Amino acid sequence: MHTLAAVVVLQVCWAAVLWPCPPTHSSPVDCREEQAGSSQCPTISQEKLLDRVIQHTELIYRVSEESCSMFEDMFVPFPVRLQRNQAGNTCITKDFPIPTSKNELQQISDTWLLHSVLMLVQSWIEPLVYLQTTLDRYDDVPDVLLNKTKWMSEKLISLEQGVVVLIRKMLDGAILNSSYNEYSAVQLDVQPEVLESILRDYNVLCCFKKDAHKIETILKLLKCRQIDKYNCALY
């Protein structure tokens, strides 16, 4: 009962975070005070929760694209961009045991799809926090870019909570007892030279954008399976 109660509370809190503006109609999770202790208190369905997680991820990916492009235009000369593209994958998540092709993704279970999403989300929480501290040292970084990185960092934590609830619901109250923050390879104890810092921050933004898109793809595949499992082979 304690586990179920914790899940319900997390569902309610996470659903509230997803609404950036006060809703004009009653909340989908409407537990009145007199109902709070009742087993009949409604909770958000797995299907609706998955939809919100996907919407959340779409927004994060869109803002990551905008942030990466803005940083690139302001601080990264074209030859440096080209050099990075030729260097290949230098992202902190490159060695994660996550399928990279659609054919590989088709072979893994729904639970492992969510587990892969959680792995990616947790690995980026600390790097995005650190990115904010490094951008604060720039003399001419616009407030809009700072606000975008702060927004992504906050929403990533919200996304983590939503994915945890989804996994619990799919595993009937259980949760995979793992944390992947240890994969974060950000060095917090050194202050690099200006160019090195720019290149590192650029790499962080580009890699996060790439992984945000991967998270979105995995979640949409999961959604497709929920609707019609046998027609997602070409997703």
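Using N, Cα and C of the backbone, Cβ positions are placed for all residues, glycine too.
Reviewing Cys206, Cys207, Cys224, the cysteine that Swiss-Prot connects to Cys91 via a disulfide bond turns out to be Cys207. When Swiss-Prot is consulted, the disulfide partner of Cys224, picked from Cys206, Cys232, turns out to be Cys232. In Swiss-Prot, the annotation N-linked glycosylation site falls on Asn147, out of Asn147, Asn177. Neighbour count (other Cβ atoms within 10 Å of the Cβ, all protein chains): 18 for Cys91 (disulfide bond). In terms of C-alpha distance, the listed recorded positions Asn147, Cys224, Cys232 place Asn147 closest to Cys91 (disulfide bond). Between the CA atoms of Cys207 (disulfide bond) and Asn147 (N-linked glycosylation site) there is a gap of 19 Å, rounded to the nearest whole number.
Annotated pair Asn147 (N-linked glycosylation site) and Cys232 (disulfide bond), C-alpha to C-alpha distance, rounded: 37 Å. When Cβ atoms from all protein chains are considered, those within 10 Å of Cys232 (disulfide bond) total 18, not counting its own.
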